[in-house]
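What follows is a short report on a single structure.
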Amino acid sequence: MTAHEVNFDGLVGLTHHYAGLSFGNEASTRHRFQVSNPRLAVKQGLLKMKALADAGFLQAVIPPHERPFIPALRQLGFTGSDEQILDKVARQAPRWLSRVSSASPMWVANAATVCPSADALDGKVHLTVANLNNKFHRALEAPVTEALLRAIFRDENQFSVHSALPQVALLGDEGAANHNRLGGEYGSAGVQLFVYGREEENEIRPARYPARQSREASEAVARLNQVNPQQVIFAQQNPEVIDQGVFHNDVIAVSNRQVLFCHEAAFARQKVLINQLRTRVDGFMAIEVPAEEVSVSDAVATYLFNSQLLSRDDGSMLLVLPRECQDHAGVWRYLNKLVAEDNPIIAIQVFDLRESMANGGGPACLRLRVVLTEEERRAVNPAVMMNDALFTALNAWADRYYRDRLTAADLADPLLLREGREALDVLTRLLDLGSVYPFQQTGAADG
């Protein structure tokens, strides 16, 4: 059956700021306390979406979350009206204010893990929400992510959206950032590659930075998504690269159809994995970048592998990269050599995503890949599909509500909270989502 890949990109939230919340993510740590520009950030993301849509790629949007997230502060014992709580936490525990104000939901590669209908035992598209258990600010996301996905993938005859795994370290799940699918045509059965950093009885794990994804979680997600057991491979990421800042597999590898583009040090038993894939995937091609051409540290600094690998109608592939790759002489030299060689990657497109990149999120972090047949695509909420009208409307929306300068101290401004809620109220109407945010369901009571 004919199917296409649709990229659902996350809209950057109004509280996008640099707080260094993500230990193991070196860009996040390095840019802590810098001044951010939320309006520029959301527009950089929108420009990427629109450019790819104009080039013929199917593109959609996923909204940001409600931030600052007052319900989490109430859970932590702060009381009073919303404004009183903001004032208290800013004075008593400002780090908590930053955590509940993170715009991290924009990196929707961590929103869920997707199984196309061609791979599922029941013939449905499955999406399992990620619990993001390793970081408090990200563990807040799952309930609203689930509500958003249910509002986008509404037709229960076509889609099954599963709640996140229990919030325990044993089942730490980071979503599609640790998942790749390989195969031929999108509509044909493929091989799903689940990548983990640790498993309970395996002492091989990183020493410096946490391994966020467990094998136990990956196995549970595969079961929830009803992936045919004959179409699954579980592989461990190289713990040494996790300790060099590769906190998700999509920082060191990306796949599309029959191609796996990765660093030669990406996986723990890479030769074994490559041989498995060669046996299981017709026409499989591994493009392994040697360390002598691009070091792991340069790959992390430029996000070479946190790229999008997209299929054109003629079967050739486009590699979508952050500008940092072009700015690095060695990486750019390698990329020009890559497109000149005999492989499906024949073109490169560079985008300026510096606002997201400074927090450790490149092109691949910003998108969730969902393979859909024509019938399934017609069942998706049409209001989220990118087109000229939506692009214009979202830019006008951003101009109205987003600030062009934000510091950690600004998060205590009650006006920012009100601006954010008003903006999301307008956005849910624009995208026909219904009442998906807690403030819409409670009337934002002052408690």
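Using N, Cα and C of the backbone, Cβ positions are placed for all residues, glycine too.
Given the structure is predicted, the values throughout are model-derived calculations rather than measurements.
What Swiss-Prot says about this protein:
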type	residues	note
BINDING	19-28, ASN110, 137-138, ARG212, ASP250, ASN359	substrate binding site
ACT_SITE	GLU174	active site
ACT_SITE	HIS248	active site
ACT_SITE	CYS365	active site, nucleophile
* Asked: Taking the Cβ of GLU174 (active site) as reference, which residues of that chain separated by at least 6 in sequence fall under 8 Å from it?
  -> ASN110, ALA130, LEU132, ASN134, ARG212, GLN213, HIS248
* Given the recorded positions ALA19, LEU21, CYS365, which one has the fewest other C-beta atoms within 10 angstroms of its C-beta? -> LEU21
* Taking the Cβ of ASP250 (substrate binding site) as the reference point, list residues of the same chain whose Cβ is under 8 angstroms away and which are at least six residues distant in sequence. => ALA109, ALA176, ALA177, ASN178, PHE305, ASN306, ALA364, CYS365
* Other CB atoms, at most 10 A from the CB of ASN110 (substrate binding site) -> 28
* Structure fact -> Most Cβ neighbours within 10 Å, among the recorded positions ARG138, HIS248, goes to HIS248
